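Participant: Please find one structure pasted underneath; my questions will follow.
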Amino acid sequence: MNAPDKFASLLALTREPFPASTKSYLAGSQPGLRVPVRDIQLTNGEVVSVYDTSGPYTDPAVQIDVRKGLASVRGEWIAARGDTEGYEGRVRKALDDGQKAEDGDRLAQLRAEAAALQRQPLRARSGANVTQMHYAKKGIVTPEMEYVALRENGRREWMQQYMQDAAREQRLAGNPLGASIPKIITPEFVRDEVARGRAIIPANINHPEVEPMAIGRNFKVKINANIGNSAVTSSIEEEVEKLVWAIRWGADNVMDLSTGKNIHTTRDWIVRNSPVPIGTVPIYQALEKVGGIAEDLTWEIFRDTLIEQAEQGVDYFTIHAGVRLAYIQLTAARRTGIVSRGGSIMAKWCMAHHKESFLYTHFEDICDIMKAYDVAFSLGDGLRPGCASDANDEAQFAELHTLGELTQIAWKHDVQTMIEGPGHVPMHMIQANMTEQLKTCHEAPFYTLGPLTIDIAPGYDHIASAIGAAMIGWMGTAMLCYVTPKEHLGLPDRDDVKQGIIAYKIAAHAADVAKGHPGARARDDALSQARFDFRWQDQFNLGLDPDTAKEYHDETLPKDSAKVAHFCSMCGPKFCSMKITQEVREFAQQGLQSKAEEFNRTGGELYVPIHRAD
């Protein structure tokens with residue numbers, strides 16, 4: 001079977017809608033601006049609408065051919081601005097895919113399979129700047145900003161019944177810890193946040209298929225999933241399947257961290273079929289081009305790689321420009337040294353040449369490339385701690401201060417920027433990370449890997465890190481990079497990806513509730529009510545993972561009759577606290593009814609003679 005057929009068969013597995021769910025769209029102010037939401041139909045007639053990241057893959061009305069890629073969402077908006085131009089683009093090389101011979105059979109096969117995915121690249125016209133930050137600073141509200149506003153608000157009508165009790169809402173009000181979250185997100189609010197640098201909308205002009213989203217402290221906490229092949233395992237079709245699988249379960253962004261063969265072609269398939277922003281670490285591919293020898297890296301090779309990936313449509317680059325020569329010695333006393341792949345590559349280059357990294361010395365040149373395509377910076381934390389005992393040390397914070405300086409340079413060029421953070425941090429040290437980042441990086445969005453709160457959980461690091469992720473998300477982190485059960489152990493498979501995403505959706509949602517994001521708790525209330533009403537199917541379907549919830553329930557009570565029973569296998573029919581509570585309420589109601597009847601029987605008077613009452 002050829003590769004495209006493999007893609008088609010794999011994607012068929014993950015195109016079905018969620019149980020009891022349909023895709024609907026919120027209409028914007030102009031034709032073509034349609035924001036997806038997922039509507040969950042409840043058995044009591046209610047409809048609960050939730051934020052949706054799955055793109056057209058869960059919409060049966062949309063025809064998808066992965067050989068050709070998704071339909072354009074933003075193409076007309078980009079063209080209407082009149083500040084871009086199409087051009088021939090750089091010449092594709094065998095080395096881009098890790099191949100040595102330009103006329104090899106494998107290379108010809110790869111290119112043939114991806115032929116329909118090729119697009120003419122766009123770039124900014126001479127003298128133009130096409131970043132969302134540039135438009136925002138000029139006071140322009142773009143369609144992307146309106147899209148974000150509609151997406152953040154969602155369809156809120158259904159929430160009102162759960163938010164009518166003013167006393168309860170006051171008691172449960174969140175603590176935003178300094179965030180400024182309005183009750184309604186307006187397009188103007190989005191514009192202002194992007195202009196200030198407090199939010200980014202990752203949306204390369206060469207990725208028109210992307211459904212715009214925002215990463216920022218004053219928006220919903222987002223999560224990122226990592227995929228990518230390696231030198232020892234995985235294939236192109238597996239990575240596309242992981243992409244579709246990841247966004248199905250809630251990944252807001254996906255990073256392609258491929259380090260093996262066929263990097264360029266893998267990225268073609270991923271970007272063209274992705275409705276979410278795609279990020280990369282360009283130094284990985286640059287290293288492949290020099291045979292894996294860090295010392296042989298040059299600015300020219302790296303620059304060529306940036307342009308290659310920008311032309312393909314990558315939305316944000318992780319660039320470890322904060323790893324400076326003077327900081328490397330600060331890691332010498334660490335228990336685990338430098339654990340970032342990109343950080344260790346650049347540290348080795350700096351030591352071999354005994355000079356500052358070309359990522360640092362050419363930073364403004366990099367900005368010129370970024371603003372020509374609207375690629376956002378994800379300034380990498382190459383010196384992040386790799387274990388709890390290395391957290392918050394001098395090396396980590398020295399790099400963070402440099403990232404703050406680089407942020408201001410990027411903003412001078414109107415390049416959207418977010419800051420990457422740790423890593424491994426004990427719970428009691430997390431707040432210091434957030435405080436330091438807000439202060440030194442001028443409120444640019446923070447994007448953290450966890451952090452893992454302990455180091456003794458191999459196989460369960462998704463749990464150890466989700467604890468830290470929930471905390472730092474509440475404190476102000478804008479996006480959480482997921483951790484899977486395979487962290488530190490191996491490359492995650494399909495099931496690992498799902499487990500990592502669900503763990504991080506829990507963390508992100510917990511942070512939104514704690515911050516008091518408008519309406520964040522309504523879905524919890526809807527599920528709680530379904531639980532109290534013994535609407536089992538609604539409980540399953542309102543959860544983050546309906547399939548697993550139903551599977552666990554059916555392990556002991558598989559019959560359809562159990563889906564309407566007023567008990568589960570944990571307590572049984574006689575010890576269910578919620579059933580008992582309902583009976584108590586019924587008894588209380590009967591008692592009140594009895595007293596009312598007695599009141600009416602005695603003439604409806606407040607004070608009655610004793611003989612009449614008798």
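Think of each number as a place in line: the chain as shown, counted from 1.
The backbone N, Cα and C atoms fix where each Cβ goes, glycine too.
According to Swiss-Prot, the feature substrate binding site maps to Asn226, Met255, Tyr284, His320, Ser340, Arg341, Gly342, Asp381, Gly382, Leu383, Arg384, Glu420, Tyr447, an assignment based on sequence analysis. Sequence annotations record features per position, and here Swiss-Prot assigns Zn(2+) binding site to His424, His488. Summarising the annotation, Swiss-Prot assigns [4Fe-4S] cluster binding site to Cys568, Cys571, Cys576.
How buried are these features, and what lies next to them?
Facilitator: Close to Gly382 (substrate binding site) in the fold, though at least 6 residues off in sequence, lie His320, Gly322, Val323, Ile338, Ser340, Gly342, Gly343, Ser344, Met346, Ala347, Glu399, each with a CB less than 8 Å from its CB. Reduced to three states, the DSSP call for Gly382 (substrate binding site) is coil.
Secondary structure at His424 (Zn(2+) binding site), taken from DSSP and collapsed to helix, strand or coil, is strand. Taking the Cβ of His424 (Zn(2+) binding site) as centre and 10 Å as the limit, one finds 26 other Cβ atoms among all the protein chains shown.
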Participant: Using the alpha carbons only, what distance in Å do you get between His424 (Zn(2+) binding site) and Arg384 (substrate binding site) once rounded?
Facilitator: 8
Participant: Other than its own, how many Cβ atoms are within 10 Å of the Cβ belonging to Gly342 (substrate binding site)?
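Facilitator: Its Cβ has 23 other Cβ atoms within 10 Å.
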Participant: Could you give the Cα-Cα distance between Tyr447 (substrate binding site) and His488 (Zn(2+) binding site), in whole Å?
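Facilitator: That separation, Cα to Cα, works out to 20 Å.
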Participant: Between Asn226 (substrate binding site) and His488 (Zn(2+) binding site), find the distance joining the two CA atoms and give it rounded to the nearest Å.
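Facilitator: With the alpha carbons as reference points, the distance is 14 Å.
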Participant: Can you tell which of Tyr284, Tyr447 has the least company, meaning the fewest other C-beta atoms within 10 angstroms of its C-beta, among these binding-site residues?
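Facilitator: Comparing Cβ neighbour counts within 10 Å for the binding-site residues Tyr284, Tyr447 gives Tyr284.
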Participant: Measuring CB to CB from His488 (Zn(2+) binding site), give everything in the same chain under 8 Å that is also at least six residues away in sequence.
Facilitator: Pro458, Asp461
Participant: Once the DSSP letters are reduced so that anything not helix or strand counts as coil, what is Tyr284 (substrate binding site)?
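Facilitator: DSSP call for Tyr284 (substrate binding site): helix.
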